[in-house]
Amino acid sequence: MIIDKEKKETVKPERPGGFLDYLPGDFLAREKMINTISSVFRSFGYNPIETPRVEFLKTLSGEESDTGKNIFRILSSNDSEPLAMPFDHTVPFARLLAANPYNSKDRSGIRLPWRRMVVGPVFRGEKPQAGRYRQFYQFDADIAGTDSMMADAEIVALIFNTLSALGVKKFLIRINNRKILNGLAELVEIKTRDKVSKEDITKELMRILDKVDKIGLEGIVSELQKKPESDFDPAPFLSNEAVLKVRSYLDIQGSNTERLNKAKNVFSGIKIAEEGIVELEKIISFLAPLEVPAEFVSIDFSIARGLDYYTGPVMETILLDAKRFGSIFSGGRKIR
């Protein structure tokens with residue numbers, strides 16, 4: 001027990017919910033994993049960096065309403081600008097890039113394209129529950145400054161090599177493209193309502209589709225047809241005809257090549273989706289030269305990823321023997 005001598009009160013040695021202590025056994029096991037992952041990342045040419053555990057609140061929140069509610073704010077500080085703790089490593093990385101543009105005269109700053117890696121704790125103001133923590137370690141790897149789909153394929157190869165180095169045998173890397181999902185919004189004719197934009201309704205469509213593993217196809221259909229509860233509710237409220245199109249989209253099966261060919265038929269004439277399909281074809285074509293076995297990668301048109309800043313290919317990795325853990329290695333392309 002801890003005794004506060006001034007207040008003469010007993011303070012229980014409790015941890016806040018969602019935070020963990022690591023005793024030597026767990027700490028050393030985690031350290032071993034971190035060293036293994038770092039070794040693989042460095043073998044791909046990723047440069048290790050570190051950013052602060054504290055950023056300006058405006059840097060982290062921006063206009064991203066979905067993540068804003070999960071930010072740990074620092075209530076008391078001497079700074080004029082409110083401070084907060086990062087919820088991931090991506091936003092601090094974007095801030096770092098913007099603050100260090102390359103100068104060809106003195107060769108200062110960050111020259112693109114640039115590979116970077118970082119490992120460290122991130123903080124999320126979520127309700128603590130099984131598998132959900134307020135502080136946890138996150139590994140991050142990014143390639144900044146290239147439009148080539150080879151970069152996205154390299155990330156797939158990085159995932160494969162990292163999990164293989166950790167001794168994981170049964171896993172599946174699932175890939176989609178947000179451009180295809182935007183094409184789906186066109187296919188089902190999502191339009192702006194009086195007080196809700198087309199963009200917000202499209203985001204809600206993606207959020208619902210992303211839950212197919214949790215609630216199943218019928219659960220998806222139910223949510224897609226749910227009537228808005230207010231004028232500001234972005235519920236898609238799809239017609240029966242539109243729902244049939246979504247069903248057909250989610251029912252696409254076969255090999256990766258077959259799925260992409262079927263998607264071409266579904267989205268014929270919808271430019272944004274056609275662009276997304278071509279990008280996925282390029283990624284798949286690069287995987288064999290990168291020595292990624294085909295059986296570890298699957299085109300999955302339900303994958304959306306939750307954050308709004310993804311604009312292109314997105315990916316999630318699941319453990320086939322432990323799907324209850326959800327995605328363990330995920331990401332996507334972000335375009336400024």
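Here the Cβ of each residue, glycine as well, is placed from N, Cα and C on the backbone.
Pulled from TrEMBL:
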BINDING   D88, H89, T90, R124, Q138, D142, R305, Y309, Y310  L-histidine binding site
DOMAIN    30-303  domain 'Aminoacyl-transfer RNA synthetases class-II family profile'
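Long-range neighbours of Q138 (L-histidine binding site) (same chain, six or more residues apart, CB within less than 8 Å of its CB): D88, H89, V119, G120, P121, V122.
The DSSP secondary structure for T90 (L-histidine binding site) is helix. Every protein chain shown contributes to the tally, and the Cβ of R305 (L-histidine binding site) ends up with 20 other Cβ atoms within 10 Å.
Residues within less than 8 Å, Cβ to Cβ, of T90 (L-histidine binding site) and separated from it by at least 6 positions along the same chain comprise D140, D142, Y309, K334. Using a 10 Å Cβ-Cβ cutoff, D88 (L-histidine binding site) registers 16 neighbours.
In three-state terms derived from DSSP, Q138 (L-histidine binding site) belongs to an extended strand segment. The Cβ neighbour count for Y310 (L-histidine binding site), using a 10 Å radius and every protein chain shown, is 20.
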